[in-house]
Amino acid sequence: MSRLGIMVLTLLLLVFIVTSHQDAGEKQATKRAAVNFRWRRSFTRRAAAEECEEYCEEEEKTCCGEEDGEPVCAEFCLG
């Protein structure tokens, strides 16, 4: 094989390695952003659930969730 052929193959290999490394970095950044979003969403849900529990506790009932932003309280939650 000529030197030119070896240089071309080496260059192609380097391009392949660099692009695959960039793709891995983008995937990792996307995964990190998804985890951060999931954590924020669970934190806000937890805060809303605590508010619902406190509100229904005053009425001596169980919090069954929220509907239109308002806590739903009942003796027993169905479904």
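Here the Cβ of each residue, glycine as well, is placed from N, Cα and C on the backbone.
Copied from Swiss-Prot, the annotated features are:
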type	residues	note
SIGNAL	1-20	signal peptide
DISULFID	Cys52-Cys64	disulfide bond
DISULFID	Cys56-Cys73	disulfide bond
DISULFID	Cys63-Cys77	disulfide bond
MOD_RES	Leu78	leucine amide
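For Cys73 (disulfide bond) paired with Cys52 (disulfide bond), the C-alpha to C-alpha distance reads 8 Å.
When the recorded positions Cys52, Cys64, Cys73, Cys77, Leu78 are compared by the number of other CB atoms within 10 angstroms of each CB, Leu78 has the fewest. Taking each of the disulfide-bonded residues Cys56, Cys63 in turn and counting other Cβ atoms within 10 Å of its Cβ gives the largest count for Cys63. Distance between Cα atoms for Cys63 (disulfide bond) and Cys52 (disulfide bond): 6 Å, as a whole number. Using CA atoms as reference points, the disulfide-bonded residues Cys52, Cys56, Cys64 were checked against the residue listed as 'leucine amide', and the closest is Cys64. You'll find the Cα of Cys52 (disulfide bond) roughly 13 Å from the Cα of Cys77 (disulfide bond). Taking the Cα atom of each, Cys56 (disulfide bond) and Cys64 (disulfide bond) are about 9 angstrom apart. It is 5 Å from the Cα atom of Cys77 (disulfide bond) to that of Cys64 (disulfide bond).
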